[in-house]
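Feature annotations, courtesy of Swiss-Prot:
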{"type": "BINDING", "residues": "Gly124, Ala125, Gln266, Thr320", "note": "pyridoxal 5'-phosphate binding site"}
{"type": "MOD_RES", "residues": "Lys292", "note": "N6-(pyridoxal phosphate)lysine"}
Amino acid sequence: MVVRPNVKELPGPKAKEVIERNFKYLAMTTQDPENLPIVIERGEGIRVYDVDGNVFYDFASGVGVINVGHSHPRVVEAIKKQAEKFTHYSLTDFFYENAIILAEKLIELAPGDIERKVVYGNSGAEANEAAMKLVKYGTGRKQFLAFYHAFHGRTQAVLSLTASKWVQQDGFFPTMPGVTHIPYPNPYRNTWGIDGYEEPDELTNRVLDFIEEYVFRHVPPHEIGAIFFEPIQGEGGYVVPPKGFFKALKKFADEYGILLADDEVQMGIGRTGKFWAIEHFGVEPDLIQFGKAIGGGLPLAGVIHRADITFDKPGRHATTFGGNPVAIAAGIEVVEIVKELLPHVQEVGDYLHKYLEEFKEKYEVIGDARGLGLAQAVEIVKSKETKEKYPELRDRIVKESAKRGLVLLGCGDNSIRFIPPLIVTKEEIDVAMEIFEEALKAALK
């Protein structure tokens with residue numbers, strides 16, 4: 001039997017009190033008490049229960065972290081067993097086998113068969129920082145390319161890669177020098193006005209031409225160490241590039257000895273129906289940055305990288321808590337669960353996408369529906385003809401959905417992402433889509 005969402009009052013009295021204290025004592029700048037006043041008390045599977053007894057479907061997965069579901073019994077058991085043994089003994093100076101076991105599993109799952117190593121961290125931002133250091137240290141090249149609308153983190157160095165929203169940069173200039181941004185091949189809306197769904201090769205070629213004709217005018221190719229990219233842009237709007245784009249980019253980069261640094265922090269660990277999102281595109285990246293879902297809710301991240309560009313001398317890189325033994329134990333179990341779930345993710349992902357495509361045909365304000373697996377999104381516009389962005393309506397839809405028990409998150413300027421835990425069933429998707437359509441209608445009034 002499907003347990004449906006049940007919301008009596010949002011926010012309820014207990015939630016209101018917690019939210020008031022939250023803003024008094026915590027320096028938070030990303031929470032949205034107007035549209036998402038949800039104060040979690042516990043989670044189970046795809047459901048979240050708040051402090052006032054309201055029940056929600058979590059189609060945000062804790063911002064892409066809870067891929068195997070809230071409090072998955074196997075993950076909880078792995079955490080308990082490890083916590084009873086020891087909770088910390090830093091990899092900076094000491095050794096424990098589970099850190100090696102997880103690294104072996106991740107390397108085995110990486111595309112291709114080149115020799116690789118893993119360096120651990122705690123967050124996606126840390127993983128991207130480590131990747132930048134690996135590229136600089138391993139190649140001697142000090143400059144990077146990244147994409148407009150990309151998100152790679154908010155710490156000072158990786159903020160130079162991030163180009164998602166100007167508010168993320170406001171007050172922090174100068175960021176690290178040596179990063180040049182290029183257009184991402186967004187099939188729906190791009191600099192050149194190309195319909196990338198109808199002309200994917202043309203869109204791909206325009207991006208490569210931009211690098212060669214404009215970037216290389218002022219950045220020497222031999223000084224560029226890597227191109228940082230997301231196989232599907234996350235915070236930029238869940239944008240899926242043309243199928244052949246990354247193969248073309250890899251061929252182009254190889255001509256100049258430039259590495260590809262694949263940020264899988266949000267799209268990896270089974271989210272798209274493949275363990276790594278880049279597998280959909282048939283490319284073997286030189287570095288794979290991972291995070292979010294790998295720890296099953298605990299802080300864990302890292303970089304899988306070519307062994308020939310690794311840190312090979314003492315003291316070049318370390319982090320006290322990177323590869324924490326409790327998080328590693330959770331990660332080992334997460335990998336096994338996700339491997340079992342991959343066929344299911346492809347099936348229910350297609351099922352969810354069909355709903356979104358139907359909504360696109362039915363409603364003038366849904367300009368695009370896109371995604372792979374359970375990384376899906378719709379883009380909200382004022383009209384299909386003009387494609388004018390409609391962020392105000394997007395926010396109202398998110399608010400109305402939450403009031404009815406469906407937790408959604410925006411992405412990009414005007415899109416909504418649908419990223420439930422990978423264990424979601426078709427019946428639960430039916431309920432969620434019923435709620436979403438009700439919320440959409442209410443927001444349009």
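Cβ coordinates are placed from backbone N, Cα and C, and glycine is handled just like the others.
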Field: Those residues of the chain, 6+ apart, with a Cβ under 8 Å from that of the residue listed as 'N6-(pyridoxal phosphate)lysine'
entry: Val63, Gly64, Val65, Gly124, Val265, Gln266, Gly268, Ile269, Ala301
Message: Same chain only, sequence gap of 6 or more: which residues have a CB within under 8 Å of the CB of Thr320 (pyridoxal 5'-phosphate binding site)?
response: Ser90, Thr92
Query: Ranking the binding-site residues Ala125, Gln266 by other Cβ atoms within 10 Å, which is at the bottom?
result: Ala125
